[in-house]
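Accompanying notes for the structure given below.
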């Protein structure tokens, strides 16, 4: 009886153990099914690796979470703004020649290119239509120059016999020559590219987007260092990445604070007129109005004009092609800068020994006046006067017009044309006739305010007026007190 009872108890115990085993197995199966169901219900998880790894001992290790979707998609998206195409700062046609590729010299071959300056890049196209091609990467026949670490300078004569040429040398050893016959155009390009280079770091690798590269998978966009294999990333690298990420967030907030302070400062700063009245900001000599320059110097003839004329008459009257030959543009710009800064100027200094630099600066001064030497309001009247057929009537009309000019215009004109008559007197040596000087100075001294009419016809009259002023100088300025 006791034996039967113990057997039944043992049987019951075994049954209970079997039931527990079945229940646990059922629960485990249900848990696995639940995990499978949950995994299938989230498509994003399908791309993740298996979370159960079977070791050699046949044991199941703890699940390893490799789900880093929050870091790569949510945090990074808020911190790093989407990349945008850089804004075009300048574009236009220039003559271009590539003379070196990676330090290897190339045969110089000039061609006209449509050049686009944007951010840290200078791009060359055949024409504007090629630049505008949508969604073409890379654009056909387009050449791009990285300005980071580049160097720009005015080209030496051994580089090119053309005038107004500057050279760009990139960090990779490529060399380009850019040129234009229009002085102010090539100057604008030189300063625009130089400013772009100065804004960039000197080290080409610094500032580029090498910190992170974005590697896309089917489920997420994960940031990684350019020089680290994703498969070999260690936990220390992940911590370092998160540190840099939080550091960039603080940098962004710092930049926003600086921007707000700058906006407040700019909104509170005094106006340009106030600064000019206090003498803090002064008008420059080049590019100003003739009356403004004379009023500031308490004279009717600008001091710079007098100095240039004296220098030319001292050592340039017999120089071949005086006023026709162009001087070195970089040296002319240096002279212009000194004059604008009101620094002491000595044109007898050895750096100004080339008389064509002095004449080039004088022509630039008259060309850049905000209103030409012949005022806009007198343009049509001088053109009508030069059209007269009767010589005496033409002289009298010209004389009357010159006499009615404002004192700064009248006195400066008298000194300038008096100087040019001395150039004509030496025409046998310098080969500069009245016609040649008329062509050089006509468009510089006399031009319409709005060139809406025939530019070619205007140019003919401009040259004729300047030439007539030289030919009849004594009669036009006769009976006037010096």
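Note that Cβ sites are derived from N, Cα and C of the backbone, with glycine treated the same way.
The model shown is predicted, which means the values in this text are computed figures rather than measured ones.
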Candidates 8, 41, 224, 250; Swiss-Prot annotation phosphoserine sits on 250
Pick from 24, 208, 240, 267: which does Swiss-Prot describe as phosphoserine?
-> 208
Have a look at 12, 160, 205, 248 and find the one that Swiss-Prot tags as phosphoserine.
-> 205
Its Cβ having more other Cβ atoms within 10 Å than any other among the recorded positions 111, 324, the winner is 324
What are the DSSP helix, strand and coil residue counts for the domain 'PH' (87-198)?
-> 20 helix, 47 strand, 45 coil
Take the C-alpha atoms of residue 111 (phosphoserine) and residue 324 (site 'Arginine finger') and report the distance between them in angstrom, rounded.
-> 26
State the mean pLDDT for the domain 'Rho-GAP' (288-477).
-> 92
